[in-house]
Every structure is written in structure tokens, then in C-alpha cells.
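Heads up, the thing below is written out as C-alpha cells.
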Amino acid sequence: MAEIKVDPVDNHTMVIPETEISAQKPHRTLRVASLDIFRGLTVALMILVDDAGGEWPMIGHAPWHGCNLADFVMPFFLFIVGMAIPLALKKIPSKGKAVKKVVFRTLKLLFWGLLLQGGFSHAPDKLTYGVDMQMIRFCGILQRIAFAYLVVALAEIFLKDAQSNDIAAGYCSVFRLLGACILIPYLATLYGTYVPDWQFAVHDKESADYGRVFTVDCNVRGKLNPPCNAVGYIDRGILGINHMYLKPAWRRAKACTENSPYEGPFKNDAPAWCHAPFEPEGILSSISAVLSTIIGVHFGHVLVHLKGHSERLKQWIMMGFALLILGIVLHFTHAIPLNKQLYTFSYVCVTSGAAALVFSAIYILVDIWGLKYMFVPLKWIGMNAMLVYVMAAEGIFAGFINGWYYEDPHNTLVYWIEKHIFIGVWNSRRVGILLYVIFAEILFWAIIAGILHRFGIYWKL
């Protein structure tokens with residue numbers, strides 16, 4: 001029998017052969033390759049949809065209801081975080097040490113989230129930095145991950161003794177209860193909150209309507225439309241409208257622009273809410289997002305406590321299909337629509353079910369069939385995910401390169417490669433941008449991550 005060992009720093013499981021355990025000799029621990037690859041795939045998808053989504057809107061975020069490729073990225077991250085939690089905390093015997101580790105990591109995630117998405121960084125297109133504290137954005141990708149990680153990791157630490165070790169008998173009963181305690185208040189708030197009329201002034205200095213004041217008519221309860229939902233109402237009341245995301249995906253909705261699904265100038269008769277900010281990583285939606293992490297925790301428990309491949313896959317695939325089917329039924333029966341911005345329950349089910357099935361497929365290909373070399377670039381990215389996220393997805397490296405220009409700020413190496421090697425060769429901006437993102441960003445950073453891996457260099461939080 002093999003023993004599962006967990007590296008508390010890397011949040012991965014290592015399989016130690018019995019011969020090495022019995023010999024009690026120093027051994028080199030191994031990472032679960034499928035988890036690295038899934039993480040790398042998710043980071044690569046983020047780069048793809050962020051940087052090519054403008055030219056290919058069908059892979060960008062859905063303007064409101066619906067689910068495009070970009071809408072799977074955040075739930076995949078949360079699922080991976082959840083899956084890693086029981087693996088990372090399993091070998092930390094002291095609750096005090098475990099709590100210290102969780103809190104410290106949460107603070108680091110919040111710091112980087114505010115720095116990268118709070119408005120301080122203007123990379124890669126603007127050669128400036130700094131943010132007016134009256135306009136700083138409090139929420140973001142890393143902040144949502146930090147919140148979900150904190151809640152679920154603390155639950156794992158303090159509720160571990162109350163859990164049963166029998167998966168078949170309902171191992172995650174405690175986490176099911178936690179999920180219910182999150183879902184029920186979320187649904188009650190989403191459908192029960194009264195949303196009054198509201199006003200806002202346009203603070204985006206790049207907008208032609210800068211300084212203009214708009215009024216949005218609501219006076220409703222339980223609506224899930226863009227202007228009058230409880231998620232936006234709560235964020236406006238607690239965060240303040242000046243601290244929300246200025247360019248939400250709904251700006252590409254048919255009601256707002258003639259260019260839909262592309263972003264473009266607003267229609268002359270566009271409703272007032274088209275001009276408003278909206279926080280896609282806001283308070284109420286982030287509470288619902290914890291559900292994605294809880295589902296990931298269940299998968300981590302399966303990996304830790306079930307030893308056979310078939311036993312693990314049975315649990316994962318059955319749950320994946322069940323979630324996927326439930327979410328699709330809820331959406332197409334118009335009971336609960338798929339909506340990433342509101343993080344609806346149907347959206348949790350569909351994206352978590354998809355995450356379960358994608359991970360299961362990777363697990364079969366890599367950990368059972370041994371086809372690791374097919375996915376080496378994704379594995380490298382996954383092993384240095386924070387580095388690639390910051391440098392590529394947040395555009396920090398491209399911003400640094402753009403700081404070295406000749407005569408004109410748009411005459412840089414990045415723009416030259418994009419224009420002459422990709423767009424010019426294919427005589428198509430859409431195709432050129434897509435290929436640029438795949439080769440000059442994703443593959444480039446996979447190679448960089450591979451070189452760093454060769455020297456044992458990783459950016460860890």
C-alpha cells in the first residue's frame with residue numbers, strides 16, 4: 001500500500017511507495033501531476049479569455065445570463081483551492097499552526113489582490129501607477145479566493161473531528177451542512193431583498209458621460225436583471241458605488257450597444273444602468289462562491305481517503321454529472337438562471353460539475369494512463385501559477401516591456417511582435433491576436449515556468 005503525504009506549502013498530495021516507507025530512507029516526494037495541470041489549464045484559460053476575449057466575445061464573459069468559456073475560470077480556481085485544502089492541512093497536527101498558516105496566506109492574497117486589481121497597477125497599456133483612495137476597488141479575483149479559502153480552511157481545521165471517515169456513508173456531512181448554511185441565506189437575500197430606485201454619477205474619466213448623473217428605476221423585490229438585483233444593491237450600500245468595477249460585462253449587452261456582443265459606444269437610448277459600475281466579485285456573490293470551494297474540498301477528501309483509482313473516479317464523475325445536470329435543468333426551466341455576476345446556484349452547479357469532469361479526465365490521462373508529457377507546459381504553469389498570473393494575466397511583464405519604447409509609447413517590442421509577426425502575417429486582427437495570446441503569452445510563460453522549475457524556483461504564497 002502507498003501512503004499519501006501532503007506538502008503543507010505546495011498544497012499537493014505526494015504518493016510514497018511502501019518500500020520507501022518500510023526502508024525509512026530519505027525519499028523525494030512527488031506532486032499530484034493532475035492537480036498541477038488543472039491549475040495550469042485554468043491560468044492559461046484566464047490569459048486566453050482576458051487577452052483574446054475582446055476579439056472573440058464568444059469566449060469572453062457573458063454580458064449577463066448565460067455561461068461562456070471565461071465564466072468557468074473563477075469557479076475552477078475556487079474548486080482547485082478547495083481540493084487542495086484537506087491535502088495541505090492533513091499533515092499539520094497543531095490547530096494553532098494550521099490557523100496561523102491559513103490567516104497569513106489569506107492576508108497575502110488580499111494584499112496582492114488590492115495591489116493588482118484595486119486600481120494601483122495600470123499595466124499593460126498605461127505607463128502610470130497609483131490609485132485615488134476614493135476610487136480604489138476593494139474586491140477582485142484574489143480577494144474572492146482569499147475569502148473562500150479562509151472560510152473553508154477554518155471549517156476544515158475546526159470541524160475535522162466531527163467528520164466521518166466513511167465517504168460512502170456521507171463523509172462530507174459537515175460540509176453539506178456548511179453549504180446549506182451558505183446557500184439558504186444567499187437565496188433568501190437574493191430573492192427577498194427590496195431594491196429601491198438609485199442614482200449614480202459616472203466617474204470613469206475616459207467616458208463621454210463623465211460627471212453625468214443617472215437615475216435607475218427599480219422599486220422591486222427578487223429580480224435578477226442587471227439594474228435591480230440584490231447583489232448590486234448590497235455592494236452599492238456597503239462598498240460604495242465608487243469602489244466597484246467600472247466596466248462590467250453587461251456593457252456588451254444588446255440593450256446597451258449596437259456592437260453586441262462586442263463592446264462599443266452606448267446606444268443613444270441605452271438604459272441608465274448601462275453606464276453604471278457593477279462588482280462581479282462583490283459581497284453576496286462571494287458568499288455564494290464559497291460553495292465552489294466546498295465542492296472542491298469534497299474532491300480533496302476523496303483523494304486523501306480513497307486509495308483506488310476506480311473508487312475515486314466513481315465519486316468524482318457521479319457528483320460531476322449530478323451537479324452539471326442539476327444546473328442545466330435549473331437554467332433551462334427558468335427556475336434559477338446561469339449568472340456569473342450573481343454567482344447563482346445553477347452557475348455553481350454547472351461550473352463545479354464541469355470542474356469535476358475536467359479534473360477527472362486529466363486524472364485518467366495523467367495519473368492512470370501516465371500521459372504526463374502531453375501536458376508538460378500546463379504542468380509548469382500550474383507549479384508556478386502565481387508568477388504566471390501576475391506577470392501574464394495581470395499584464396505586469398508586458399507593462400514593464402512597454403515602458404521601453406521608441407519615440408511613441410505604442411512603439412514597443414510587445415506591439416511590434418503583435419502587429420508584424422502575428423496580425424500582419426495572418427492579415428487578420430482576430431486571428432493574429434488569438435495566436436499572439438497562445439504563443440507569445442501562454443506558451444512563452446510555460447517555457448519560463450519550466451526553466452524556473454528546472455532550478456527549483458517557485459513563487460509561493
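Each Cβ is built from the backbone N, Cα and C atoms, and glycine gets one as well.
The transmembrane segment annotation in TrEMBL covers 69-90 (among others). Among residues of the same chain six or more beyond the transmembrane segment (69-90), those with a C-beta under 8 A of the stretch's C-beta atoms are 4, 6-8, 10-13, 32, 35, 38-39, 41-42, 45-46, 48-50, 53, 58-62, 98, 141, 144-145, 148-149, 152-153, 156-157, 160, 281, 289, 292-301, 303-304, 338, 340, 347-348, 351-352, 354-356, 358-359.
The transmembrane segment annotation in TrEMBL covers 102-123 (among others).
Positions annotated as transmembrane segment by TrEMBL: 135-155 (among others).
What TrEMBL lists as transmembrane segment is 167-188 (among others).
Marked as transmembrane segment by TrEMBL: 283-304 (among others).
Long-range contacts of the transmembrane segment (316-336) within the same chain: residues 295, 298-299, 302, 344-357, 359-360, 363, each at least 6 residues beyond the stretch ends and with a Cβ under 8 Å from a Cβ of the stretch. What TrEMBL lists as transmembrane segment is 316-336 (among others).
Positions annotated as transmembrane segment by TrEMBL: 342-366 (among others).
A Cβ distance under 8 Å defines the sequence-distant neighbours of the transmembrane segment (387-406), meaning residues of its chain 6+ beyond its ends; these are 43, 46-47, 50, 112, 116-117, 121-127, 381, 412-415, 441-442, 445, 448-449, 452, 458-459. Look at TrEMBL and you will find 387-406 (among others) tagged as transmembrane segment.
TrEMBL lists 433-452 (among others) with the feature transmembrane segment.
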Cβ-Cβ under 8 Å with the transmembrane segment (135-155): same-chain residues at least 6 beyond its ends: 74, 77-78, 81-82, 85, 89, 98-99, 102-103, 105-106, 109-110, 112-114, 116-120, 174-175, 178, 203, 235, 239, 242-245, 279, 281-283, 286, 289-290, 292-294, 297
Contact check, the transmembrane segment (342-366) vs the transmembrane segment (433-452), 3+ Cβ pairs under 8 Å, seq sep 6+: no
Residues from the same chain, set at least six apart from the ends of the transmembrane segment (283-304), whose C-beta lies under 8 A from its own: 4, 6, 13, 32, 74-75, 78-87, 90, 139, 143-144, 147-149, 151-152, 156, 167, 171-172, 175, 178-179, 182-183, 185-186, 189-190, 230-231, 234-235, 238-239, 312, 315-316, 319, 323, 341-345, 348, 351-352, 355-356, 359
